[in-house]
Amino acid sequence: MNLPKKVRLVEVGPRDGLQNEKQPIEVADKIRLVDDLSAAGLDYIEVGSFVSPKWVPQMAGSAEVFAGIRQRPGVTYAALAPNLKGFEAALESGVKEVAVFAAASEAFSQRNINCSIKDSLERFVPVLEAARQHQVRVRGYISCVLGCPYDGDVDPRQVAWVARELQQMGCYEVSLGDTIGVGTAGATRRLIEAVASEVPRERLAGHFHDTYGQALANIYASLLEGIAVFDSSVAGLGGCPYAKGATGNVASEDVLYLLNGLEIHTGVDMHALVDAGQRICAVLGKSNGSRAAKALLAKA
């Protein structure tokens, strides 16, 4: 069994996780979460999003969060910046890495960002050009790679095309997102094989939601395909405001438990991660969405 010896976890809880919460979240609580996550050993954290508060009110205050966090050496603190205005705001906050997002489904693209896939990619061109000028790295996301809430099945060749376009534009890595969590291990392997014909596996990442309880199976399938970067969210926070009924991202604690069992190195401390998840869940007044965290807390 030829699995990666090391995996990089991309912690998306502070951005993708919190953006769907209904109640306002204090900047101080967001700062504490990011600091807790970096202290747990996560070396890539998506801190916030520079988008219009009209569209994503929970991401208001991202500049203050960046100003307040304790930035540790060797940790990447990234932000979503889907347009030039957002990129410029991120730059003012000292952000060294940003992410842009496209979709593999035309219907999802129209409902999520109000334009076609082709138009959305064209919008990123000035962002990528500005990023090159300022030596800011750019990561690309693709939504709905294994299914769409409006279009149903998504052709892996369409995903491969979007991934190739993002890479050619200058994205150093492309994260493949199963936004509504319908993917299975077999479909995941077929998807990666298709996308890897256009983009090298070492430049791909997996982003799985657990709607049907398949996220860990899909991560394992991805590991078998040579993928060594995965997005996850502490305590399983998050969902998708544009995909009705979609549950949260796969929990970071659950992914870590899987990887620890496979003796794959991550550099993340499980107990510190569980504590970080419990603290933010207490702030939000909700139960922890991680099964591993709940099991470990029950033993404590």
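Cβ coordinates come from backbone N, Cα and C, glycine included.
The active site annotation in Swiss-Prot covers Cys240 and rests on sequence analysis.
The substrate binding site feature in Swiss-Prot is assigned to Arg15.
Annotation note: Asn249 (divalent metal cation binding site) sits in a strand segment as assigned by DSSP. Look at Swiss-Prot and you will find Asp16, His207, His209, Asn249 tagged as divalent metal cation binding site.
According to Swiss-Prot, the domain 'Pyruvate carboxyltransferase' annotation covers 7-274, on the basis of sequence analysis.
Arg15 (substrate binding site) and Asn249 (divalent metal cation binding site) are 11 Å apart (CA-CA, integer value).
Every protein chain considered, the tally of other Cβ atoms within 10 Å of the Cβ of Asp16 (divalent metal cation binding site) stands at 27. Per-residue confidence over the domain 'Pyruvate carboxyltransferase' (7-274) averages 94 (mean pLDDT, predicted model).
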